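In what follows, a structure is listed as structure tokens, so that the remarks can point back to it.
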Amino acid sequence: MAGARLLQEGRVSIVSFTLGASVISLPLLTSSFTEQTLLAAAPGRIALVFFIAALNGLLLLLYKAQLYQVAIRASFLGFAFGCGLLLSITQSPWKPFGWYVCSLSFFHYSEYLVTAMNNPRSLSIDSFLLNHSLEYTLAALSSWVEFTIETTIYPDLKQITWLSVIGLIMVLFGEVLRKCAMLTAGSNFNHIVQNEKSDSHTLVTSGVYSWFRHPSYVGWFYWSIGTQVLLCNPLCLVGYTLASWRFFSERIEEEEFSLIHFFGENYLEYKKKVPTGLPFIKGVKMEP
């Protein structure tokens with residue numbers, strides 16, 4: 001029964017994300033709005049408010065309790081994804097921000113969906129990673145503030161299309177690598193570092209794990225940096241790079257203590273052959 005409930009949550013998330021993303025159809029359904037006026041003009045914003053209210057009402061009718069909590073989060077991410085798409089096809093200086101919103105919303109939604117597919121026993125509302133940490137939230141807010149200020153005082157900085165494209169490629173690479181890592185690890189993957197070995201816990205060394213010891217962290221690292229390259233945010237690019245490097249350095253060391261405890265010599269041999277994948281991060285240092 002638990003498995004069926006969790007699988008249902010995955011299906012609910014797909015439906016809800018799609019409903020939220022359907023906001024992109026508003027300019028197609030009426031000649032009153034274009035992509036630009038829907039997001040920028042007052043009538044368009046009013047239409048978005050009505051869309052959100054109608055969507056929330058529909059979700060309240062369809063789902064109760066825990067399923068509604070899943071649905072409202074997935075639909076919010078879908079709505080953000082749809083608005084990001086609308087923004088990305090405009091000719092405004094905010095076009096790169098549209099790409100960014102699509103990347104951010106899809107990252108959080110796909111974290112939940114892949115967990116539902118891969119490791120339903122660990123699935124929870126927290127699998128969306130929307131409440132990852134205070135530091136994560138502040139980092140996101142900082143990038144939005146920097147983009148807004150620089151767009152206002154120096155809009156040409158945000159018109160370096162080739163740089164934004166490089167950032168988008170980094171984001172896509174990081175996203176694909178992380179999800180490949182999650183799918184390859186299967187039920188071994190968990191958003192929380194495990195300190196106790198479960199009966200089903202095995203050492204995964206195939207697929208992307210034959211390239212890097214920590215491919216999910218490598219993906220997240222380059223995804224994070226790529227978002228700031230995409231936005232042409234020079235200040236946050238430096239900050240994100242340093243903060244991400246420090247976070248993953250500490251996280252990998254913590255995780256590898258557990259992995260050595262779980263798998264002993266097998267992990268030590270694997271560690272000798274395969275790099276972490278992150279620059280200047282070696283993992284746990286073992287005494288000779």
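Just so you know, glycine gets a Cβ as well, placed from its N, Cα and C.
Lifted from Swiss-Prot, the feature list:
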TRANSMEM  13-29  transmembrane segment
TOPO_DOM  30-45  topological domain 'Lumenal'
TRANSMEM  46-63  transmembrane segment
TRANSMEM  74-91  transmembrane segment
TOPO_DOM  92-96  topological domain 'Lumenal'
TRANSMEM  97-116  transmembrane segment
TRANSMEM  136-153  transmembrane segment
TOPO_DOM  154-158  topological domain 'Lumenal'
TRANSMEM  159-178  transmembrane segment
BINDING   Q194, H201, T202, L203, V204, Y209, H214, P215, S216, Y217, E255  S-adenosyl-L-methionine binding site
TRANSMEM  217-232  transmembrane segment
TRANSMEM  234-248  transmembrane segment
BINDING   R251  substrate binding site
Could you pull out which residues elsewhere in the chain have a CB under 8 Å from any CB of the transmembrane segment (159-178), counting only those six or more residues past its ends? 93, 96, 99, 103, 106-107, 110, 208, 215-216, 218-232
How many other Cβ atoms are found within 10 Å of the Cβ atom of V204 (S-adenosyl-L-methionine binding site), counting all protein chains shown? 17
Rounded Cα distance in angstrom between Q194 (S-adenosyl-L-methionine binding site) and R251 (substrate binding site) is 12
Set of same-chain residues at least 6 away whose C-beta sits under 8 angstroms from S216 (S-adenosyl-L-methionine binding site): L177, R178, A181, M182, A185, F189
Near the Cβ of E255 (S-adenosyl-L-methionine binding site), how many other Cβ atoms are there if near means within 10 Å? 19
Can you tell me the CA-to-CA distance separating V204 (S-adenosyl-L-methionine binding site) and R251 (substrate binding site), as a whole number of Å? 18
